[in-house]
Amino acid sequence: MTRDLNVAVDTVGVADATPDEKQPWAELGLKDDEYQRIREILGRRPTQSELAMYSIMWSEHCSYKSSRVHLRQFGQKNPKTPRLLAGIGENAGVVAIDENIAVTFKVESHNHPSFVEPKQGAATGVGGIIRDIIAMGARPIAVMDSLRFGAIDHPDTARVLPGVVDGIGHYGNCVGLPNIGGETYFDPSYQGNPLVNALAVGVLPRARLQSMQASGTGNVVILLGAKTGLDGIGGVSVLGSASFSENAEDDARPAVQVGDPFTEKLLIEVCLELFDAGLVVGVQDLGGAGLTCALSETAAAGDGGMHVDLELVPLRAEGMEPHDILASESQERMLLIVDPAKAEEVLARSHRWGLLATAIGTVTGSGRLVVDFHGQTVVDVPPKSLADEGPVYHRPLAEPNDLGLISVDRAETLPRPATDEEIRQTVLDMAASPNLCDKSWITEQYDSSVFGNTVLATPHDAGVVRLDERTGVGIAISLDGNGRFARLDPYVGAQLSLAEAYRNVAVTGATPIAISDCLNFGSPEDPHVMWQFERAVTGIADGAQKLGIPVTGGNVSFYNQTGRDAIHPTPVLGVLGVIDDVARRIPLGLGKTGDTIALIGTTLDELSGSEWANVVHGHLGGVPPKVDLDHEMKLAELLARLAGTEQLAAAHDLSEGGLAQAMVEAICHSGLGAQILLPEGADPFTYLFSESSGRVLVVIPRGQELAVRTACEQRGLPITPLGVTDANTDGLHLRDHFDIGRAELEAAWKGRIGARLGE
Amino acid sequence: MARVVVDVMLKSEILDPQGEAVLGALPRLGVGDVASVRIGKRVEIEFDEHAQNIEEQSRVIADQLLANPVIENFTVSIEQGSTETGPVGAP
């Protein structure tokens with residue numbers, strides 16, 4: 001499509017000739033000194049297109065300017081492991097499974113778009129993380145999500161939650177990826193700032209690992225996938241405001257994108273075909289910041305420069321200016337760097353799949369990223385200045401003033417249920433509470449088994465997927481966060497989430513090997529938030545070092561804040577593990593009649609930050625439970641061993657809601673009953689509701705009790721027999737205290753989400 | 001009785017995967033000269049004879065239920081036979 005150049009394009013020549021022209025750098029979010037630095041780098045004022053590119057690439061989202069100084073800890077403390085094939089800085093971390101195959105996984109936030117337009121925001125969040133996986137050379141095989149909303153009975157939650165769930169289900173189901181797990185929490189601190197964190201995982205032959213480098217002078221730059229439209233341009237539109245007001249249509253340019261999962265499916269297939277045929281030198285997905293980010297990152301990672309003719313980009317909207325094209329966040333696009341001798345074949349193969357593919361430029365040896373528009377140069381910059389040399393801030397840190405007061409306001413001093421009847425009612429009230437109740441209203445909207453490789457999915461502790469039918473090797477992934485604990489102590493809270501994700505992977509019998517994280521915080525300009533961030537990052541980096549598994553990548557989401565009220569600091573941790581034979585995974589449940597139910601780990605009087613304090617008292621104070629990562633490592637090693645020898649019938653991590661909730665879930669899931677006798681001298685309330693870390697409920701098949709006990713004792717892990725599984729017991733029988741029949745348990749636990757949302 | 005027609009269309013900048021799919025299928029019918037297809041929805045509402053403030057009520061229905069104003073536009077038109085005249089155009 002040709003167009004008349006009726007609007008004067010702001011070229012490099014024009015910029016040279018008009019050095020004093022006023023530019024809307026402040027409206028684009030740049031600071032005075034940042035704008036001056038751009039002028040220094042270029043030796044002139046930036047063109048409109050260059051200004052758009054710098055404002056995007058130097059934004060918090062792309063440059064990590066507030067977080068970078070802290071994130072360095074991951075690189076410094078990460079344990080060295082031969083498994084790590086690609087780490088932080090790549091599109092997603094890649095870890096080796098064996099000598100032939102590797103997996104790549106990453107978790108990323110799409111919080112703000114999901115608040116504005118829940119369905120499309122969440123859907124494009126899933127689409128974006130899938131493209132990161134493709135860009136590493138992998139076939140995406142599963143997705144997960146970690147969701148946080150405001151109070152369940154707040155009217156806006158009824159708008160946001162169903163939309164988000166619809167969007168995740170729509171996109172994932174259409175692309176044909178199983179959703180194998182995740183978490184959903186409600187807390188008033190997320191009112192107005194819901195968190196939508198999506199994780200994707202993919203598998204690749206190790207030889208197919210791709211790079212984002214645009215190297216090799218003369219290589220062709222190809223844009224693959226959907227057309228480029230005006231969606232998601234947001235702030236950059238101030239640049240075109242003069243011409244924009246002439247537009248007859250009064251549509252405001254939405255900062256929302258609509259994705260097309262069927263195009264994404266084609267992208268997966270085309271890219272994998274091209275990778276397998278050895279036709280691609282470098283690849284980068286187009287996500288936030290669109291072409292701007294993809295061009296500058298590939299050029300910066302390469303060794304030369306790049307020349308792009310922007311008018312060649314296939315457009316969906318009329319009258320798009322160069323800065324619009326560069327900033328567009330249209331979905332389902334990838335950038336490929338291809339040997340010129342193979343370019344024809346790449347285009348032909350893409351077209352055969354029905355996808356647009358267009359050569360838009362070449363790799364040059366100039367060391368500059370040059371963008372022309374109808375023969376006029378609109379961008380001429382050193383690519384590293386965009387991608388790697390953005391501003392770095394050492395923002396001030398200050399411990400929140402209220403933390404001292406909060407830490408002495410311990411939940412352990414709150415009034416507790418005294419009688420058996422009161423404790424019994426507390427079990428039911430907790431099971432029915434928003435954070436602990438059955439989430440199948442959400443998860444049944446997702447396809448969890450497409451591909452036929454899903455071994456475990458929600459409600460199991462971790463999702464387990466088979467990678468190879470012949471060997472049975474598979475992976476387990478869990479995604480966990482706890483903003484309440486992190487609010488009380490971000491260092492310990494982050495480690496508790498890490499420990500929980502690690503343990504959730506371990507209870508399936510898998511061995512944890514890698515971490516991905518999504519760090520959701522308030523405004524970095526608030527020293528209290530920045531302090532929380534620094535503590536959480538340090539906690540994760542120290543935890544990864546201790547556990548001996550690397551942080552392979554992730555994402556930071558700041559500004560989750562309304563006015564002065566920031567969300568609870570919410571680091572969400574994804575842990576990936578490997579299991580040699582998925583046939584030997586350990587499920588959730590109660591095994592079969594006569595099996596022994598036991599608890600591994602120690603129960604202390606730890607209630608601060610617990611769900612009990614939240615549900616019963618609306619209380620958040622004290623110090624969170626202690627973390628013992630040595631203990632977690634021993635526990636994981638034990639569980640992997642017992643899975644391999646098939647000496648456990650079931651296992652379940654104890655987390656929010658403690659032992660009581662773990663029993664409710666195991667009973668409801670298994671269809672069997674449990675006869676439980678608490679250890680002599682144990683306080684029933686504490687034993688049932690404490691949230692002490694490092695505990696796992698295990699079910700031991702008849703005849704294996706001694707072997708399991710010995711294995712625990714050899715590792716110094718305390719194990720306490722609690723009772724037996726019994727098909728003839730109706731629900732939970734807590735000897736000397738109370739009974740709760742299955743019907744009553746299920747009535748409390750099930751059907752709550754839909755009912756609370758008025759559906 | 002008043003009959004109101006609400007037309008809901010995706011805003012022009014928003015990708016319409018359904019329209020793109022139809023556009024992609026047209027060559028198979030031998031139709032090769034179509035540049036763009038956009039698909040929306042038409043909703044017909046019949047008010048009973050006692051209805052007041054039909055236009056206002058129709059707008060509320062369209063804005064809060066039928067359309068998603070973040071990504072869609074709508075037009076409300078009141079058809080003949082009603083006491084009010086239409087069409088009344090975009091918001």
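Glycine too: its Cβ is placed from the backbone N, Cα and C atoms.
Here TrEMBL flags A:26-65 as domain 'Phosphoribosylformylglycinamidine synthase linker'. Residue counts of the domain 'Phosphoribosylformylglycinamidine synthase linker' (A:26-65) by helix, strand and coil are 25 helix, 0 strand, 15 coil (DSSP-based).
Here TrEMBL flags A:His61 as active site.
Feature annotation from TrEMBL assigns domain 'PurM-like N-terminal' to A:89-203 (among others). Helix first, then strand, then coil: DSSP counts for the domain 'PurM-like N-terminal' (A:89-203) stand at 48 helix, 42 strand, 25 coil.
Cβ neighbours of A:Asn111 (substrate binding site) (same chain, under 8 Å, six or more residues apart in sequence): A:Asn193, A:Pro194, A:Leu195, A:Val196, A:Asn197, A:Asn520, A:Ser557, A:Asn560. What TrEMBL lists as substrate binding site is A:Ser109, A:His110, A:Asn111, A:His112, A:Arg131, A:Gln257, A:Glu329, A:Ser330, A:Gln331, A:Ser557.
Under the heading Mg(2+) 2 binding site, TrEMBL lists A:Asp132, A:Asp285. Note: A:Asp132 (Mg(2+) 2 binding site) has non-local neighbours A:Asn91, A:Ala92, A:Lys106, A:Glu108, A:Ala200, A:Asp285, A:Gly287, i.e. same-chain residues 6+ apart with C-beta under 8 A of its own C-beta.
Per TrEMBL, the feature domain 'PurM-like C-terminal' maps to A:217-372 (among others).
Mapped onto DSSP classes, the domain 'PurM-like N-terminal' (A:460-579) shows 44 helix, 43 strand, 33 coil. Among the features that TrEMBL reports, domain 'PurM-like N-terminal' is placed at A:460-579 (among others).
Looking only at the domain 'PurM-like C-terminal' (A:592-728), the predicted model's pLDDT averages out at 97. Annotation comment: TrEMBL describes A:592-728 (among others) as domain 'PurM-like C-terminal'.
Residue with the densest Cβ environment among the recorded positions A:His61, A:Arg131: A:Arg131, by other Cβ atoms within 10 Å. Stretch with the largest number of CB pairs closer than 8 A to the domain 'PurM-like N-terminal' (A:89-203), among A:26-65, A:460-579, A:592-728: A:460-579. Using a Cβ-Cβ cut-off under 8 Å and counting only residues 6 or more beyond its ends in the same chain, the domain 'Phosphoribosylformylglycinamidine synthase linker' (A:26-65) has close neighbours at 10-12, 14-16, 18-20, 71, 235-236, 238-239, 288-289, 292-293, 296, 321-323, 326-327, 371, 373, 378-382, 385-387, 390-393, 524, 556, 558-559. Secondary structure at A:Gln331 (substrate binding site), taken from DSSP and collapsed to helix, strand or coil, is coil. Cβ neighbour counts within 10 Å, taken over all protein chains shown, single out A:Gln331 as the most crowded of the binding-site residues A:Ser109, A:Gln331. By a Cβ separation below 8 angstroms, chain B lies close to these of the binding-site residues A:Asn111, A:Asp132, A:Asp285, A:Glu329, A:Gln331: A:Gln331. Note on the domain 'PurM-like C-terminal' (A:592-728): DSSP counts are 52 helix, 26 strand, 59 coil. As a whole number, the greatest separation of Cα atoms within the substrate-binding residue list A:Ser109, A:His110, A:Asn111, A:His112, A:Arg131, A:Gln257, A:Glu329, A:Ser330, A:Gln331, A:Ser557 is 21 Å.
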